[in-house]
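Chemist: Per Swiss-Prot, the features are:
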- CYS124-CYS187: disulfide bond (DISULFID)
- CYS225-CYS282: disulfide bond (DISULFID)
- 207-296: domain 'Ig-like C1-type' (DOMAIN)
- ASN110: N-linked glycosylation site (CARBOHYD)
- ASN130: N-linked glycosylation site (CARBOHYD)
- ASN234: N-linked glycosylation site (CARBOHYD)
- 115-205: region 'Alpha-2' (REGION)
- 206-297: region 'Alpha-3' (REGION)
- 298-306: region 'Connecting peptide' (REGION)
- 1-22: signal peptide (SIGNAL)
- 23-306: topological domain 'Extracellular' (TOPO_DOM)
- 307-330: transmembrane segment (TRANSMEM)
Amino acid sequence: MGPRARPALFFLILLRTVAAQGRPPRSHSLRYLFMGASERDHGLPLFEALGYVDDELFVAYNHESRRAESRAQWVLGEAHSQLWLQLSQSLKGWDHMFIVDFWTIMDNHNHSKESHTLQVILGCEVQEDNSTRGFWKYGYDGQDHLEFCPETLDWRAAESRALTTKLEWEVNKIRAKQNRAYLERDCPEQLQWLLELGRGVLDQQVPPLVKVTHHVASAVTTLRCQALNFYPQNITMRWLKDRKPMDVKDAESKDVLPSGDGTYQSWEALAVPPGEEQRYTCQVEHPGLDQPLTATWEPSLSNTLVTGVISGIAVCVIIFFIGILFRILRKRQASRGAMGDYVLGECE
């Protein structure tokens, strides 16, 4: 596998894990994204970490600085607190663990000369009823590789080439118990602390702006439902036909993406038969909405005017040609009548 740039790695992890695994309304999450490269010729350090609370970046760390740096205003005053120091120590420990794991995986693949990448996502989710779910996953060279199972203290291999590492790690029961303790105890406690710090910021809810647009290309009519400027990012979008839910395979969806201003955006497209656009409705659910929001495509006034003008011109043209045809027929009839009178006069 060739070198990968920093943005490609980041979005690989973010889109395949955070965006793909949307959270239920009123849940909260703490996620750490680790990434690194065996060679330094493509913009990635040996280890880099990003921490997110409810999709909000709050901390960054890399192998060169070995320092946790705040990335959100609501944690700036915590740089010298005991909990922040504990977080910094955890990141330093993960730095060392990541590098050891990286070399282990490369050795088990007999990879030593080429440039390779390792990605890790770990963290927890806390639901409204205080139930928790932990996750700890590894990706190697951009592909799912290993996943930790806290219930059984073992590892699940996502591909056959991960089996050697799986068996090697499962021998170390102490590490497995430490992983489970973090996911089930330390991570939820850390999340609660961060939620308290971010109160008023992390608990804000911005409802989406929803609109449906109409596109025609290559004789295919497509309706696109756009949800813009919403927060948090967990959102549900679906198409209804005659007010009834449709099969999701009929629609083309876009991952939830950041808008660049702290909010998110997404869209869902559907190909429809021409002339039946009004039978389709886009339904959107979001924590910022009291009830599901629906939207349909409404032809713009300009389109209506253009259609009306074209129709009017067509009618006028038809009437004009009918008038000309009528006058021609009348002239022909008049000419035939005059000719008949002339012939009769000759006979007399």
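Note: Cβ is positioned from N, Cα and C throughout, glycine not excepted.
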Chemist: If you count the C-beta atoms lying within 10 Å of each candidate's C-beta, which of the glycosylation sites ASN130, ASN234 ends up with the smallest number?
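Modeler: Output over glycosylation sites ASN130, ASN234: least Cβ neighbours within 10 Å is ASN130.
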Chemist: Counting only residues 6+ apart in the same chain, whose Cβ is under 8 Å from the Cβ of CYS124 (disulfide bond)?
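Modeler: Once residues fewer than 6 apart are set aside, CYS124 (disulfide bond) is near SER29, LEU30, THR132, ARG133, GLY134, PHE135, LEU183, GLU184, CYS187, PRO188, LEU191.
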Chemist: Give the residue counts of the region 'Alpha-3' (206-297) per reduced DSSP state, in the order helix, strand, coil.
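Modeler: Reading the DSSP string over the region 'Alpha-3' (206-297) gives 6 helix, 53 strand, 33 coil.
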Chemist: Given CYS225 (disulfide bond) and ASN110 (N-linked glycosylation site), what distance in Å do their CA atoms have, once rounded to a whole number?
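Modeler: Here the two Cα atoms are 48 Å apart.
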Chemist: Nearest of the recorded positions to ASN110 (N-linked glycosylation site) by CA-CA distance, picking from ASN130, ASN234, CYS282?
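Modeler: Going through ASN130, ASN234, CYS282 one by one, the Cα closest to that of ASN110 (N-linked glycosylation site) is ASN234.
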Chemist: Near CYS282 (disulfide bond), which residues of its own chain have a C-beta under 8 A away, given they sit six or more steps off in sequence?
Modeler: VAL210, VAL212, LEU223, CYS225, MET237, ARG238, TRP239, LEU240, GLU268, THR294, ALA295, THR296
Chemist: Helix, strand or coil for ASN130 (N-linked glycosylation site)? Use DSSP.
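Modeler: For ASN130 (N-linked glycosylation site) - judged by DSSP and reduced to three states - the answer is coil.
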Chemist: What are the DSSP helix, strand and coil residue counts for the region 'Alpha-2' (115-205)?
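Modeler: Summed over the region 'Alpha-2' (115-205), the classes give 36 helix, 30 strand, 25 coil.
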Chemist: Once the chains shown are all counted, how many other Cβ atoms turn up within 10 Å of the Cβ of ASN110 (N-linked glycosylation site)?
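Modeler: Other Cβ atoms found within 10 Å: 7.
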Chemist: Tell me the Cα distance separating ASN234 (N-linked glycosylation site) from ASN130 (N-linked glycosylation site), rounded to the nearest angstrom.
Modeler: 18
Chemist: Measure from the Cβ of CYS225 (disulfide bond) and count the other Cβ atoms within 10 Å, all protein chains considered.
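Modeler: Total other Cβ atoms inside 10 Å, all chains included: 27.
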Chemist: What number of additional C-beta atoms lies within 10 angstroms of the C-beta atom of CYS187 (disulfide bond)?
Modeler: 25
